[in-house]
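These features come from Swiss-Prot:
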- GLU91: active site, proton acceptor (ACT_SITE)
- 94-320: domain 'Radical SAM core' (DOMAIN)
- CYS101-CYS325: disulfide bond (DISULFID)
- CYS325: active site, S-methylcysteine intermediate (ACT_SITE)
Amino acid sequence: MRLETIRQSMRATGAKDCHIDRVLRAWTQAKPLESGARRHQPENFLPQALRTALPALQEELSALARVRSEHPGEDGSSRLLVELADGQTVESVLLPRDGLCISTQIGCAVGCTFCMTGRDGLLRQVSSAEMVAQVVLGRGRRKVTRVVFMGMGEPSHNMDNVLEAIDTLGTYGGIGHKNLVFSTVGDRRVFDRLPQQRVVPALALSLHSTRAELRAELLPKAPHIDPTELVELAEHYARTTGYPIQYQWTLIDGINDSIEEMDGIVRLLTGKYAIMNLIPYNATATLDYRRPSLEHITTLTKYLHAKGIRTTVRNSAGQDVDGGCGQLRARTLDAGTATDAQKISLKHLKTGTRSAA
């Protein structure tokens with residue numbers, strides 16, 4: 001269901017925009033309808049026809065997304081397995097410090113080799129209403145002031161729904177525009193469309209390598225944009241919006257954790273309005289990748305800091321509860337052990353010298 005469909009159903013009752021806005025504001029903020037009203041009963045500010053239709057509408061909204069299971073993590077996060085109305089499931093993650101990560105697709109077409117979400121390809125799009133419903137579920141559990149579109153799926157492949165959800169959360173949900181984060185592997189449409197929106201979100205860009213050939217192997221179906229050009233496009237967005245770009249880099253042992261790669265980061269990001277988020281890989285039994293040692297992660301972080309690159313280390317939230325993207329859903333679906341054809345080999349992914357000397 002699209003959010004515009006919800007508006008149209010209320011408009012069909014004769015409701016005016018001010019009435020529709022009131023209902024959307026209450027829903028997206030997970031508050032009672034009378035919350036904040038000068039006159040506290042709905043009959044004082046909503047027309048009779050809309051009040052009559054509200055119970056059925058509220059039931060329909062509640063059915064958009066339900067929590068099938070909740071898995072608190074030791075880091076203060078809580079991973080939610082969310083069941084949609086058709087029985088499909090997605091993951092949402094309540095993050096420390098009032099954040100929420102939501103999913104935009106069931107499956108993913110990009111096929112990042114280190115990610116569980118895309119192993120079966122794209123199953124279907126998540127609608128704008130289903131995205132907002134994930135936020136409503138999260139707000140029913142704790143305070144949410146920041147939403148990142150960084151869960152299952154590639155937001156640029158579901159652009160209309162994602163932008164509609166962002167507009168609704170920024171307009172009615174009480175979330176600051178810079179606290180709505182659009183995450184992407186890099187798609188030219190992102191840089192064209194996002195700055196034109198009423199609600200302009202911050203941008204997170206999945207980089208993972210500064211070498212075009214390695215990045216193409218790690219992200220086989222991402223748009224083929226050279227990392228240098230990608231960073232230039234992102235820098236223009238950062239300067240236009242005033243929001244720093246959050247670069248994401250999944251650190252994989254022996255693949256993209258060499259000092260040569262760090263020098264590539266320095267080359268691309270020096271002088272840029274940017275934050276580099278190093279995300280140590282969250283190991284799974286079905287993918288042949290490893291997480292670098294804590295000592296090596298610390299060495300890389302210090303190296304980038306010394307070169308003037310603002311860097312953070314962000315572990316996947318809820319690592320003790322299948323914290324990597326798509327892992328909880330995969331476990332729930334009882335995927336089992338990967339076949340030889342499914343198991344990813346590292347031999348063809350060549351990396352540079354790893355020494356920090």
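Every residue gets a Cβ built from N, Cα and C, even glycine.
Note: the CA-CA distance between GLU91 (active site, proton acceptor) and CYS101 (disulfide bond) rounds to 8 Å. Secondary structure at CYS101 (disulfide bond), as computed by DSSP, is strand. A simple way to gauge crowding: the CB of CYS101 (disulfide bond) has 26 other CB atoms within 10 angstroms, across all the protein chains here. Per-residue pLDDT, averaged over the domain 'Radical SAM core' (94-320), rounds to 95.
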